[in-house]
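*Asks:* Below is a structure I'd like to ask you about.
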């Protein structure tokens with residue numbers, strides 16, 4: 001099997017390294033428990049909780065059912081992350097879904113994931129978060145009117161370029177920024193929670209009377225509501241992308257998951273209750289930015305604090321998305337599924353700078369066109385297709401290879417529940433409300449076949465690519481890293 005082959009090659013590699021006594025270039029293990037919790041919570045708490053509540057309410061139709069969706073999304077994210085924690089202790093390599101699909105199912109499906117993720121999904125997710133950061137960051141300069149799109153897009157582009165510089169310079173700098181911004185956004189959410197508690201104490205409970213009235217029952221509507229809610233939880237799997245950079249991954253990975261996700265879920269539920277205490281359901285639905293409307297109603301002249309908090313929150317989230325997204329590109333290149341230059345690291349900074357630069361370039365292209373809601377829907381469709389594939393891989397290992405060493409085991413019922421949810425989230429919108437965009441996404445995924453066979457399977461690489469790689473190596477000051 002692929003995994004057995006890998007073990008033999010690993011042992012032979014390590015013995016060669018010891019006999020030769022050569023110093024190898026590796027990424028540093030600098031992500032501890034606090035940074036791990038910050039990476040998960042800091043990426044999850046982004047633009048979603050400030051923008052998605054109106055859409056969840058729109059698709060569900062009633063306050064109580066929308067709160068149930070938020071709770072169910074948190075539970076699903078927790079189950080998914082616990083399943084991934086076991087995978088991370090069996091396959092101790094960075095790369096998340098990509099490396100798990102590669103080791104369990106083989107090269108072809110892993111290439112399709114890498115191709116889709118590196119070219120489309122990760123850059124689109126980063127572009128969506130940076131666009132929402134830009135919306136909130138420039139809003140105070142255009143009071144009473146909508147911000148010009150050119151200004152918003154230029155601000156989003158500047159955000160991506162700043163993140164590129166930070167992440168290319170130093171891993172510790174990137175994680176420190178993540179820790180600071182996570183603390184700031186937790187504080188902002190606590191302000192909203194406390195404000196809601198005060199309103200409820202004063203008796204503002206009209207939104208919770210007949211709370212299930214007008215609830216939608218269609219499977220498609222529930223599926224799309226889940227997409228919008230799960231967008232706010234996206235990032236639950238981010239620590240699996242940087243497993244090789246974790247201190248004691250077998251301990252840090254499960255612990256960070258068990259701290260971060262319940263914390264975020266509780267905060268999200270309390271924040272939604274606060275929104276509904278301050279506004280009627282119809283006011284939530286008509287609000288372009290729920291958090292800002294809440295700030296205007298509750299904080300009065302201090303409402304600008306909410307816009308600032310959302311801008312800080314989305315910047316911190318985009319930093320986490322960028323940090324982990326660049327690693328997928330780097331690991332895929334290291335396994336021969338992307339150009340060699342993307343598998344290299346800076347000789348002094350020890351960061352995967354070519355992969356980060358490529359992710360940055362693709363995100364800048366995504367910013368030029370695309371709306372927030374459409375990006376969220378197609379992002380979620382692709383993501384849950386591959387999450388389902390990864391979870392089925394874990395079930396295969398639990399049944400067929402129980403002897404594999406693992407420091408953490410999740411009860412088998414949990415990945416089964418996640419797999420059923422993934423199948424539902426992929427199929428429900430197609431069955432209930434088929435859209436042409438989903439067909440385009442599926443065609444894009446399978447267009448990878450055209451590239452896979454000549455470039456990966458038969459290794460038909462044009463000679464000029466070697467010269468380009470060499471020049472880029474010298475220009476970017478990068479070198480190949482040790483392949484674990």
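Cβ coordinates come from backbone N, Cα and C, glycine included.
Pasting the relevant annotations from TrEMBL:
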REGION    1-22  region 'Disordered'
TRANSMEM  31-52  transmembrane segment
TRANSMEM  64-85  transmembrane segment
TRANSMEM  97-118  transmembrane segment
TRANSMEM  154-174  transmembrane segment
TRANSMEM  180-201  transmembrane segment
TRANSMEM  256-278  transmembrane segment
TRANSMEM  298-317  transmembrane segment
TRANSMEM  354-372  transmembrane segment
TRANSMEM  378-397  transmembrane segment
TRANSMEM  409-431  transmembrane segment
TRANSMEM  437-456  transmembrane segment
*Asks:* Taking contact to mean three or more C-beta pairs under 8 angstroms, with sequence separation of 6 or more, is the transmembrane segment (409-431) in contact with the transmembrane segment (64-85)?
*Replies:* yes
*Asks:* Per the definition of 3+ C-beta pairs under 8 A with sequence separation of 6 or more, do the transmembrane segment (31-52) and the transmembrane segment (378-397) touch?
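*Replies:* No; fewer than 3 Cβ pairs under 8 Å.
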*Asks:* Report yes or no: does the transmembrane segment (180-201) come within contact of the transmembrane segment (154-174), defined as 3 or more CB pairs under 8 Å with a sequence separation of 6 or more?
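*Replies:* Contact criterion not met.
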*Asks:* Considering only Cβ pairs within less than 8 angstroms, which of the stretches 64-85, 97-118, 154-174, 437-456 has the most against the transmembrane segment (378-397)?
*Replies:* 97-118
*Asks:* Same chain, outside the transmembrane segment (256-278) by at least 6, Cβ under 8 Å from its Cβ: which residues?
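*Replies:* Distant Cβ neighbours of the transmembrane segment (256-278) are 33, 36-37, 39-41, 44-45, 49, 53, 63, 66-67, 70-71, 74-75, 77-78, 81-82, 84-85, 186, 189-190, 192-193, 195-197, 199-200, 204-205, 207-208, 232-233, 236, 239, 284, 290-291, 294, 297-298.
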*Asks:* Taking the transmembrane segment (97-118) as the reference, which of 64-85, 154-174, 437-456 gives the largest number of Cβ pairs under 8 angstroms?
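*Replies:* Out of the listed stretches, 437-456 contacts the transmembrane segment (97-118) most.
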